[in-house]
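**Q** There's a structure below that I have some questions on.
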Amino acid sequence: MESKPVEKRVLLAKPRGYCAGVDRAVVTVEKALEVYGDPVYVRKQIVHNKHVVETLESKGAVFVEENEEVPEGSVVVFSAHGVAPEVHDQAEERSLKAIDATCPLVTKVHQEARRFAKEDYDIVLIGHEGHEEVIGTSGEAPEHIQLVDGPDEVENIEVRDESKVVWLSQTTLSVDETMETVDRLKKRLPLLQSPPSDDICYATQNRQQVVKDIAADCELVIVVGSQNSSNSLRLVEVALQHGADSSYLVDYASEIEEAWLEGVTTVGVTSGASVPDNLVREVLDFLDERGYGTVEEFEPVVEKQTFQLPRELKLDMAAANVK
Ligand code: SF4
């Protein structure tokens, strides 16, 4: 008797893709273009996704690294990752009209940093060295903040008073690795205080949780996202740590290698918080053409979070009658 062919399938993670902070940042640039006309300058990548940046460029956004590249008096949007206070000062000095698209959940971490610095705490910031969000948060209180980039750096911490130390974190870290760093910190500093609420944001936590749930059933997990996207990179790590045989990060379906699919029955698919869903659809089409036509969406958590656009933009939208 002939054996039945094994059915190839896709386990599609949900929540995936755009979070409320990314959606707000992208819409901010789109609305700024409508209200002020092009060019609208954007300091740094508005969100860490190649496709999003290229699409906004085609609509008239000009991406720069620093305020000094923006002509005096122009409109500049600050990215979702947040900026240090000195960046606002520089914008004022150059008479720029600044629209701040910093995600409100990053702003919350900035506020915590300011508050604890005011109370003269030493602050241990867990995050990735050089990441824009970490640079922005550190800039709120540089003399109080020390960066710890993973559990192995805990030994380098030096504090003035062990009873007055708090840890904060970047919003897009691996939940598990961060808790490992915190455990190591607590062994060294038993009186270490925790942030008043989770700094790793809801979107990062939810996307990691779904990948944890599906990884063991998948031989391969494809994460759609860019190489400079912290939360997307973490999804690849989480997939590998939780049972997937292999996992890759791709910007586009065209980057998927045929060899990755050899002997694979179940492919997990997800995307980072800065990825529009049409890129995931293209991956599903690619897989469909190769026999993975059955798609099972797995949605253990329903996200309802939304954020208002920046106030300064909303006022100008109302004045210009832009909806
Ligand atoms: S990943 Fe989290 S912190 Fe970052 S923009 Fe999205 S909601 Fe905000």
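Going from the start of the chain as shown, residues are counted 1 onward.
Here the Cβ of each residue, glycine as well, is placed from N, Cα and C on the backbone.
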**Q** If TrEMBL gives His48, His81, His131, Ser229, Ser230, Asn231 as binding isopentenyl diphosphate, which of Ser174, Ser274 does it give for that site as well?
**A** Ser274
**Q** For the recorded (2E)-4-hydroxy-3-methylbut-2-enyl diphosphate site, whose residues are His48, His81, His131, Thr171, Ser229, Ser230, Asn231, Ser274, find every other residue on that chain with a C-beta no more than 8 angstroms from the centre of their C-beta atoms, and list them by sequence position.
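**A** Neighbours found: Val47, Glu133, Thr172, Asn228, Ser232, Gly272, Ala273.
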**Q** Relative to ligand 1, which of the recorded positions Cys19, Cys103, Glu133, Cys201 have a Cβ found under 6 Å from one of its atoms?
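**A** Correct list: Cys19, Cys103, Cys201.
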**Q** Hey, of Cys19, Cys103, Glu133, Thr171, Cys201, which of those recorded positions are within 10 Å of Ser274 (isopentenyl diphosphate binding site), Cα to Cα?
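**A** Taking Cys19, Cys103, Glu133, Thr171, Cys201 one by one, the ones whose Cα falls within 10 Å of Ser274 (isopentenyl diphosphate binding site) are Cys19.
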**Q** For the binding-site residues listed here, Asn231, Ser274, which shows the highest count of neighbouring CB atoms within 10 A?
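**A** Output for this query is Ser274.
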**Q** Closest of the recorded positions to Ser229 (isopentenyl diphosphate binding site), Cα to Cα, picking from Cys103, Glu133, Cys201?
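**A** Nearest listed residue in space: Glu133.
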**Q** Could you tally the C-beta atoms, other than its own, that fall within 10 angstroms of the C-beta of His81 (isopentenyl diphosphate binding site)?
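**A** Other Cβ atoms within 10 Å of His81 (isopentenyl diphosphate binding site): 27.
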**Q** Cα distance, Cys201 ([4Fe-4S] cluster binding site) to Asn231 (isopentenyl diphosphate binding site), nearest Å?
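**A** The Cα atom of Asn231 (isopentenyl diphosphate binding site) is 10 Å away from the Cα atom of Cys201 ([4Fe-4S] cluster binding site).
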